[in-house]
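Student: Residues or ranges marked as domain 'Acyltransferase 3' in TrEMBL: 6-314. Residues annotated as transmembrane segment in TrEMBL: 12-31, 37-59, 80-98, 124-143, 150-171, 191-209, 221-241, 247-266.
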Amino acid sequence: MKRQYASIDIARYVSALLVVCIHTFPFLEISETFNTYFIHTVCRLAVPFFFTTSGFFFFRNYDLENEDVNDARLKKALFRLFRIYLIWTIIYLPYTIFDYTHNGFRISYLFTYVRDFIFNGSYYHLWFLPALMLADVIVYYLYKKKGLKFTLIITFAFYVVGYLINVYTPVWESLPYISFLFGFFTKALSTARNGIFFGPMFIAIGLLLSRTRRLPKKVSLLAFLISFVLLFCEVALYRHFNILRDLTSMYICLVPAVYFLVNYLLKVNIPYRKMFTILRHDSLMIYTSHILFAKIFLALMPHAHLVVYFLTLACAQCLAGFVTRYQDQYPILKKLL
């Protein structure tokens, strides 16, 4: 039986709480500056962490001598992700229809929706599911055909391209000729935060952690703290030059920060209990369901973001608890996990 990592499941749950922060801006009325730095440093670790741990748990079972087994495991993982994605796409259809029609409907919106369904998520926070599927496929076949080193080089190169697109969008949009070309990219893909530029890097980090020895715990913790300080400085630099936006998310320092963070957590030994499996399931449910509640509470209380955060979290946790508790009694609920 493969080792269970309680520290990872706990961190997954914390990451889900941070994702809710990204979409509810809890400290906005308290301090806009603090809210900005908290979201763009601490909270921005959450999604890369999800990708990295997903990559780790998939590739730790990779069998170098049995490609058929590996292919079957990939198909199974992709089917599960697509099932979850499709179910939540249907659940969010009323929200999607409202967003596309409340200011008038154009036929071009159908093409926009198809593009978003494939690359950016059928609803904006669901982007991680198609991104995870595409990134899994890219990293799997890069590793299968070319090995670990080549995979890391290619995924980092794509991440750097995505970083230049994501972080420097205000710069490209201000340059006459480049802005014209940049417009083609935004119409085609909308964002670089997807399964081509963003996801593969962190899946590859998970692959690296699954195929190499762990660093000592103290070394990983120190390296993470240094990387996090550098991440804070990176965010401060972009804010100083007025290029930091709500959608800015592909920071260079995220790469070492996430690597050392996950490496550290993998070295933390906590006796495993059933509660941690529940936390793992709850984290996914909170991530996928919280916008159902956040949209309503933000509309009702646009100037009470901290209250909105806790109400959203409470509702999402209640739904997660219901699904976890009754999934054996109602097997259809297992389709959400």
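Glycine too: its Cβ is placed from the backbone N, Cα and C atoms.
Curation does not apply to TrEMBL; its annotations are automatic.
So that I understand the layout, could you describe where these features sit and how close they are to other parts?
Tutor: In the predicted model, residues of the domain 'Acyltransferase 3' (6-314) average a pLDDT of 96.
Same-chain neighbours of the transmembrane segment (191-209): 48, 51-59, 119-120, 127, 130-136, 138-139, 142-143, 148, 151-152, 154-156, 158-159, 161-163, 165-166, 247, 249-250, 255, 258-259, 262-263, 266, counting only residues six or more beyond its ends whose CB sits under 8 Å from a CB of the stretch.
For the transmembrane segment (247-266), the list of distant contacts is 5, 7-8, 11, 40, 44-45, 47-49, 52-53, 56, 156, 159-160, 162-163, 166-167, 169, 191-193, 197-198, 201-202, 205-206, 208-209, 214-215, 217, 220-221, 223-224, 227-228, 230-231, 234-235, 238: same-chain residues at least six beyond its ends, Cβ to Cβ under 8 Å.
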Student: Quick test of the contact rule: Cβ under 8 Å, at least six residues beyond the ends. What residues does that give for the transmembrane segment (80-98)?
Tutor: 113, 117, 122-123, 126, 129-130, 132-133, 136, 284, 288-289, 291-292, 295, 335-337
Student: Would you kindly check 12-31, 124-143, 221-241 and say which stretch has the most C-beta pairs under 8 angstroms to the transmembrane segment (37-59)?
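Tutor: Ranking 12-31, 124-143, 221-241 by Cβ pairs under 8 Å to the transmembrane segment (37-59) puts 12-31 first.
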